[in-house]
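This report concerns only the one structure given below.
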């Protein structure tokens, strides 16, 4: 059976009508990572990044992005967000971010979780870009990767 796109009807984009769906608990967790130099990772680890606390700033950015997802993803519904958790981990070559979003609503929150992760990682980049630039101002080794949905739950979140 061929899958069809729910947001496209007769070749035009549209917002899916969810009015007949029941409100249920929903949860989505998304993750991603940003590859950084060993020197930059050490600055984050020791709290010596010139712009300030990288994770505190990126956490706020993730929360704001989750709440504003319908403003940047055209077919996303405005839904009540009941909880957001943002976690970071410093690895050997990268910082990992995980964003968990919860709601009681008619549609899932995976786009909100993905948007939160993306914004968190972009904010990490912004906070450390002066340390990551090469001599001509480029970022030859900085890389955001592996942004994905880890988990999506409906009815038992």
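Cβ from N, Cα, C; glycine included.
Copied from Swiss-Prot, the annotated features are:
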- 126: active site (ACT_SITE)
- 75, 76, 77, 111, 112: substrate binding site (BINDING)
(request) Note down the number of other Cβ atoms within 10 Å of the Cβ of residue 112 (substrate binding site), including every protein chain shown. (result) 27
(request) State the three-class DSSP label for residue 75 (substrate binding site), counting H, G and I as helix, E and B as strand, and everything else as coil. (result) coil
(message) By the count of other Cβ atoms within 10 Å, pick out the sparsest of the binding-site residues 75, 76, 111.
(response) 75
(request) Quick one: pull the CA-CA distance for residue 75 (substrate binding site) versus the residue listed as 'active site', whole Å only. (result) 28
(request) Round to a whole number and give the Cα-to-Cα distance in Å for the pair residue 112 (substrate binding site) and residue 126 (active site). (result) 21
(message) Taking only same-chain residues 6+ apart in sequence, whose CB is under 8 Å from that of residue 126 (active site), what do you get?
(response) 51
(request) Using Cβ-Cβ distances, find the residues under 8 Å from residue 77 (substrate binding site) that belong to the same chain and are at least 6 apart in sequence, listing them in sequence order. (result) 15, 18, 70, 106, 107
(message) The record lists 75, 76, 77, 111, 112 as binding substrate. What's the largest Cα to Cα distance among them, in Å, rounded to a whole number?
(response) 12
